[in-house]
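Trainee: Per TrEMBL, region 'Disordered' is recorded for 1-23. Residues or ranges marked as domain 'Amidase' by TrEMBL: 70-541. Feature annotation from TrEMBL assigns active site, charge relay system to 120, 195. Taken from TrEMBL, the feature active site, acyl-ester intermediate covers 219.
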């Protein structure tokens, strides 16, 4: 008897166990949700983060009732978007235990007592699978929480579900062979983004009130923009990189980090106030900086001088993605901030050339090796196929792209390194760009920048893996700068944006693809991005809240 498929069969069998677990926990959650009365469901589901926090503190609602209501909300979101990987069943026991403690008059409730939190698959929660969307990791069940999860548990929060990711978390769609494909709530044919795509879909459909994701090139921010919520990528070393699963390409010039996502930026702010207190993260990981939440930078009424641009000089965003930036300029002016035009000069292109060299120093070979035995869905196979293409052929494709005037695609392919010296030069190139941008902002007295969140609205599922990584330039740029970056959804694609699509200039492969694939996008969410120099995270949060509040009114 042949054994050629034994590995694939084994992986599929283990994946089926995970799928059965998901189905069983979702059915269990449905039954638990039925035990909450309609009045309680209506009351709790209408509360925002701060209202729910205060109601739990005052005992107006119980942790158990909140958990049951959010089981129902999460399941409803999942049925629309396929966003969940599991409901964490012991979250109900945790909620009951907290309620029992609260009966003691001497018990002091922690600051986020009973608050539910959803968690991306790739962020460790003890006792729950952390697969990274890979069948070969489906049996990886960590025994310890990620440090950020530890901290929020201490504050009284309850992780109640985990959410879907793409295979290996190294693309910005949300599809894997274990749990399938997650779509943006607005359109089942469009991606929820990645790699925190399950979180984005869940939060945008109010299936969770706040979640924890991670971001190496836009993995928090792209899903927030594609699905229509808020997301925040902190300065990398204010969280911990200690527990990251290798391989993580692009380091040390493109920095990954965990980061929160929510329905509104006030929730993100309140969560970070807790995580960034008592120097908790640094106490567990000495490589994390001991910086607590800076109230001086976040203070309500604090005014900032903001540089804004709709074009980074490298790849143009679509008209609708530029429009919402212009609208946000006027909104922030109305809040008393000073806004001035800003030019990125050649900084973005230079940064990308350096980042591509380091990120694909092996031409993608290690990624191909990691995925060698993975049962990949068709739309994910280009991730593996690219790594198996010989370097000379990639560079030849780059020459053809440059000859055709497609500079970004040429940069992506031609800057794949052949010699170790090229990698060192690339690292130097990115660090030089950091210095240049910081100095330019100093010279022009700029505190923060306002810019497009993404090049387009949510793309069709398969499109994300058939264009070069240059398509995520709007987000990966800020990982390379290690600038904190926040996303606020402020509008949606309209009929005029659809008409303007015809005038969009097709300079290269990315532009041609997004112009073609983004037709019929009316109603899809659009967002803007706010960034600031490293460790100025609270500046970004202040502006996110100001923008959100003004738009809400």
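Glycine is treated like the rest: Cβ placed from N, Cα and C.
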Trainee: Summarise the model's confidence over the domain 'Amidase' (70-541) as a mean pLDDT value.
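Mentor: Mean pLDDT, the domain 'Amidase' (70-541): 96.
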Trainee: Counting only residues 6 or more past its boundaries, what in the same chain has a CB within less than 8 Å of a CB in the region 'Disordered' (1-23)?
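Mentor: Same-chain contacts beyond the ends: 84-86, 129, 131, 135-136, 138-139, 177-179, 373-375.
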Trainee: Taking the Cβ of residue 195 (active site, charge relay system) as reference, which residues of that chain separated by at least 6 in sequence fall under 8 Å from it?
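Mentor: Residue 195 (active site, charge relay system) has long-range Cβ partners 120, 122, 133, 165, 166, 169, 170, 171, 172, 174, 213, 214, 216, 219, 223.
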Trainee: If you count Cβ atoms within 10 Å of each one, which of the active-site residues 120, 219 comes out on top?
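Mentor: Result for the most crowded candidate: 219.
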Trainee: Go ahead and report the DSSP secondary structure tallies for the region 'Disordered' (1-23): helix first, then strand, then coil.
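Mentor: Residue counts for the region 'Disordered' (1-23) by secondary structure: 18 helix, 0 strand, 5 coil.
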